[in-house]
Amino acid sequence: MPKTERRRDRDRDRDRERRNRRKRDDSYDDYDEEGGISGWKLGLVFGVIVVCFAMLYPTLFHPMLMGFLGRSPPSSPSINQQRPPIHPAMGGGSGQRHPGGGADVHPAMRMAQAQAESQSGGSKGMFTWMLPVYTIGVVLFLLYTLFKSKGKKSKRKKRNYFDSEDDDDESESETKYGGKFGKKKLEGLQKRLRETESAMSKILEQLESVQAGANPVDLDAADKRSEQLEEDPSVKEAVGLTETNEQYIKDLEVALKEFQSLSKEYDKAKMKKLKRKDSSSDEDEEDEEENSSELSEIEEEEEEVKPVKKSKSSSQSVGKRKNRPKSTSEEEDEGEEESRKVAEDAEEEGIDIDSEIREHAEKEKKDKNVRRRRPKKT
């Protein structure tokens, strides 16, 4: 039960990590699709910067450039707005005065005019100082966003690369060992694998030597030796055995016992195969001898039949010649006819003999097949 719960917890953690990675990848993809900053935003920022420079150039940048170049800006001529006083004879004695005259204006009015002028000048100065600060801030923001977009792209590539490597490592470790292992555990497993490989190589060498029969191993002596080692720990210390060495020795003993049992079974199977081969070879030899004897008997019978038939045909021809004392021409014609008949009879009789031989050979083959199909005696 605890193993299954641990596996479930691990699976849940892995699913969560994968979901978080997918969300990050989706956010980065959206950011890349937008291109960091869209085109209309960039156009808006550049337009604002151009307008700011156009507004500040005549009041701020142009005088600064002229000052750097050593040229003084042209001074605007001051216009005196105060009019000269009107002569009393011109009708100015009625008390009409110009408002610009400093002597006739009330002191409170003068203070209000001065305050208004100072406020207008202060507002203009603040506006002229805020515009360059605003432009500089916009430029810095633009540069910051550009560098940030590039940095995010590079970081995303690195993260994807390392995430892929981590996924590969995790999958390999999980598939091989069924869980997550640290570097120390992996190194320990590698060392154990090397030790097992060396032990297996030694086992194979000993098995080859046992198979060759050069160095036979006495299992009884090995069992006694192992019992002595288990009983006396001092003997172990004297020999220099450890737990790992004991395990290797036990594994070797078990492997040797199994090998001996397998070799015995293999020898038994070999003996059975040899016996079967010998019995089958003996039966084949007997069948061949029988067939050869039957064929020799058939040939002898054929040889005996042929001379008997020839003697019969010759005796018949001689008797006929004796019984017929005729003319030479008639005798010759009759002899030719008789010889033809004898040849035809002999040919017919020979064909019958061949057919009998074939039938006999077919019967023998059938008998052989029947014998081979019968179960062999072990």
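Every residue, even glycine, has its Cβ placed from backbone N, Cα and C.
Database features, via Swiss-Prot:
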COILED    180-212  coiled coil
COMPBIAS  1-26  compositional bias 'Basic and acidic residues'
COMPBIAS  90-103  compositional bias 'Gly residues'
COMPBIAS  163-172  compositional bias 'Acidic residues'
COMPBIAS  281-304  compositional bias 'Acidic residues'
COMPBIAS  345-354  compositional bias 'Acidic residues'
COMPBIAS  355-367  compositional bias 'Basic and acidic residues'
COMPBIAS  368-378  compositional bias 'Basic residues'
REGION    1-32  region 'Disordered'
REGION    35-152  region 'Sufficient for function in acetylcholine receptor folding'
REGION    74-105  region 'Disordered'
REGION    155-179  region 'Disordered'
REGION    207-246  region 'Disordered'
REGION    267-378  region 'Disordered'
TRANSMEM  42-62  transmembrane segment
TRANSMEM  127-147  transmembrane segment
Counts by DSSP class (helix H/G/I, strand E/B, coil) across the compositional bias 'Acidic residues' (281-304): 24 helix, 0 strand, 0 coil
The compositional bias 'Basic and acidic residues' (1-26) - residue tally per DSSP class, helix then strand then coil: 25 helix, 0 strand, 1 coil
